[in-house]
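Have a look at the structure below, then the notes.
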Amino acid sequence: MADTATGTAFVAFERVQKSYDGESLVVKDLNLDMPKGEFLTMLGPSGSGKTTCLMMLAGFETATHGEIKLDGKPINNIPPHKRGIGMVFQNYALFPHMTVAENLAFPLEVRKIGKSEREQKVKRALDMVQMGAFGGRRPAQMSGGQQQRIALARALVFEPELVLMDEPLGALDKQLRESLQFEITNLAHELGITVVYVTHDQTEALTMSDRVAVFDDGRIQQLAPPDELYERPQNSFVAQFIGENNTLEGRVTQISGDACVVQLDNGEEIDATPVNVSGVGDRTLVSIRPERVEIDPQLGPDAHTLKAEVKEFIYMGDTFRTRLSVAGNDNFIVKTRNRADQVRLRPGQHVTIGWLPRDCRALDA
Amino acid sequence: MTDAAASPDKITGPTPDTAIRDAERADGPMVAADGRPLKQSLNRALRRQKMRALALIAPLLLFILLTFLIPIGQMLFRSVENQIVTDTLPRTVVSISDWDAAGGEPPSQEVFADFARDLTLAAEQRMHTRLGSRLNYEQPGISSLFRQAGRGMTDMGEEVMESLVAAEPAWEEAQTWVDLFGTPDWQAENADWLVLKDEGGMRFSIPPPEFEFRPEAREALPRTADAFADFELFSRVDDIESVAEETPWPLVHVSLAEDLAANPGAVEAFDGETRARLEAVLPVAEAEMPFDYRAAFAEMDEDWLEVSFWETLQTFSTPFTSGYFLTAADRKLTADGVQMVPEDQRIYGTLFLRTMVMSLGITLSCILLGYPVAWLLANLPLRTANVLMILVLLPFWTSLLVRTSAWKVLLQQQGVINDLLVWLNIISDANRLVLINNQTGTIIAMTHILLPFMILPLYSVMKTIPPSYLRAAKSLGATNWTAFWRVYFPQSVPGIGAGSILVFILAIGYYITPEIVGGTRGVFISNRIAFHISTSLNWGLAAALGTILLALVLVLYWLYDRIVGIDNVKLGG
């Protein structure tokens, strides 16, 4: 956020609040700047306010307080049809009584673009999503994936600079979703358009976005590129919400710069990296990713080791998932790659596990 | 590989699906595992299911068949049925077929003679008035003619009878006639029955034994036997009296005189007392004959000699007729073919047209008023929408009659609406609007009554249109109006279609409301049907009008299917 000064941002939310009933806020004090050409994903559980933000940007909801700017100009009072923002909906929202070509021509028609130019643009847009042969079909005659491609083409055909996508892949099956994810990001980068993408699927958010805004309780909990979000979550909500996560509860007993000691509730002490603990005596949730934990560790002298008991061993093909009991937590997961020499553990076995203190983050409780 | 036969994949004998494989190789129809054709197996499997489904709907089907389809079918059949003429005037219908109306002369004496016998039986059976009303539909005035005849027929030929009786008083005795025609067996049976009747008293209801003619008597006096058979039938079936107790009608005496005058030798077929009686009246019979039936009818009423009456009778002497349908189309069947009725009598064409046009108007005003309400219902939060829905449905819970009567109060010239308009100085007291007892009244009241039938299908279709379509349209640059007109409206057309069909078909057959608020200029065809059913009792015409109405609705339905497509009619989902 610091690297994009408010003046140059393409899309900007400034202290935006939204309430539907006048009693509670759905969006609480939202500040967000997006540079041109960015692919930003709003990720969060349902009811976290992400779709409301998108609707305010599109103009279908009005902000209760604050200002939304597009290319430097406030758009609060501009009706949706004058904003020139493309939008893709979860249920595709293709007009069922029109053919594909008519659907695509619709935004051009209302912009009073001539017939020949219209046809040319429709054809180009259809080719762009590899649906050139489908112009004469009705939406009901196509599969969900095909319909969503058409919806995408329709949102792009009038060359908007900003495109909003509201869980566009939510209704598709996994394989289709993955190939479309790839296509959407490619298109967005090729065309240089700015995209705001709403989803509750974290894999989608991580694989597609330049930056991800994690929403919870009407606030952005963290706004960061995917790798930073996954590896350096700023608080325990983000750590829990993104990827799989092991947590151990405890209290900070020592803190010095970028290292601290946490005494777990069963009395054991571990080393961790302090992230948002303020001082000695604070309750903390220590977060370790399952793939950063090793069984029978050979990590060198810095590593921290603990005794653990195997509860369950799950074979998942490329990986093994081992559920352990560690320091009173029975749901401690360790993921190991399926290597040729990897030992397959049995429930009840006692093992030693270990991790590096830099992978172990002390977050707010 | 050691031994191919030991491999589990090797087929060593017939397996359940060998038949399937064989059939696939043979390129024939698909077969099931047991070798029977697949279609047959499937049908067998589905039969039980179908039987059960049929059993479930059977009670309703039976109920509808008995209370709805069969009565309606019977009613519609009345629109072409005309058997009353052939049933009541069997002899006349045959003899009049040769008569030519173009000659301008009433039919021959033979036709009148047949008519006299038919009408006598009909008059005794009280059938003549019904026939009169039937023919009266085709030519006004016939009804009263027939009603008079009821009294006249019992006297026709009385003077011939008196002459016969004067010559031989025995012909006034019932027993003389029984002796003339009856077999001894029958006479014995009849005597037993008379004894039984005397013992039976008031509640006695066993009919007398069926009369048996002596063949030689019948052959000798054919017309008399024929006339006597009519009399016998009437006495036995309608009166439950024995012919041995009553003197036959004068017309039977006329027939006897005719037979004797035509063939004096007939007396030789009889012997004893009967022969003596016949011979006694022979000269009188010859003197009195021929009997002038035409003059006898003319004496009752000159109108019996009108050519137009006989023309009508001849035209409608078939068992089935297109007469009712022609009347319903303002046309008339005459001897010269189908012709339009005079201009001042054409009412049905106007009525049908008015019914159509006004129903269309009602449907349109229902669309205009119902569409916004349905939209609101579909887009408001559920709680508010439910309250609104109750308001929409409220009229359903109020009696139709009450609602219509309320409109009468509201719309009349001294009514609430006119009072309000005068008070607001929109109209002057002298120029109060005429809102009732005309077409305006019918349209206002029926729009109100039928509005829910438009709103409900519209609502249920609109409910299925996701709001994201409108949002998508707006995000693509459409103004509110364009988004509505190009995106929302086309998707709500199925609702309009369903509502329109419902309202139009209900309106076209509406009866109570036009009757109460429509006056004379605002009534529908159904009011005319009701009039014919309950007041004029011309059920045939009512059935013809109803059939035309039904056909019209079906044609419109078919047209709608061709233009809009019946798949485009949705009541929801």
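Placement of Cβ uses the backbone N, Cα and C atoms for every residue, glycine included.
Per TrEMBL, domain 'ABC transmembrane type-1' is recorded for B:352-560.
Among the features that TrEMBL reports, region 'Disordered' is placed at B:1-21.
As annotated by TrEMBL, transmembrane segment applies to B:53-77 (among others).
Taken from TrEMBL, the feature transmembrane segment covers B:351-378 (among others).
According to TrEMBL, the transmembrane segment annotation covers B:385-402 (among others). Non-local neighbours of the transmembrane segment (B:385-402) in the same chain are 373, 376-378, 448-449, 451-452, 455-456, 459, 512-513, 516; each lies 6+ residues outside the stretch with a CB under 8 Å from one of its CB atoms.
Sequence-distant contacts of the transmembrane segment (B:443-461), counting only residues of its own chain at least 6 positions beyond either end whose CB sits under 8 Å from a CB of the stretch, comprise 358, 361-363, 365-367, 369-371, 373-374, 377-378, 389, 392-393, 395-396, 400, 403-404, 407, 411, 435, 491-492, 494-496, 498-500, 502-503, 506-507, 510, 513-514, 516-517, 522, 570-573. Residues or ranges marked as transmembrane segment by TrEMBL: B:443-461 (among others).
Taken from TrEMBL, the feature transmembrane segment applies to B:493-512 (among others).
Taken from TrEMBL, the feature transmembrane segment applies to B:539-560 (among others). Same-chain neighbours of the transmembrane segment (B:539-560): 75-82, 134, 137, 323-325, 327-329, 348, 352, 356, 497, 501, 504-505, 508-509, 525-526, 528-530, 532-533, 566, counting only residues six or more beyond its ends whose CB sits under 8 Å from a CB of the stretch.
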Who are the long-range neighbours of the transmembrane segment (B:53-77) in its own chain, taking Cβ under 8 Å and residues 6 or more past its ends? 539, 543, 546-547, 550
Which sequence-distant residues neighbour the transmembrane segment (B:493-512)? Criterion: at least 6 residues beyond either end, Cβ under 8 Å. 355-356, 358-360, 362-363, 366-367, 370-371, 374, 400-401, 404, 446, 450, 453-462, 524-527, 530, 549, 552-553, 556-557, 560, 564, 568-571
What same-chain residues lie close to the transmembrane segment (B:351-378): Cβ under 8 Å, and 6 or more beyond its ends? 385, 388-389, 392, 439, 442-443, 446-447, 450-451, 453-455, 458-459, 462-463, 465, 492, 495-496, 499-500, 503-504, 507-508, 522-526, 528, 548-549, 552
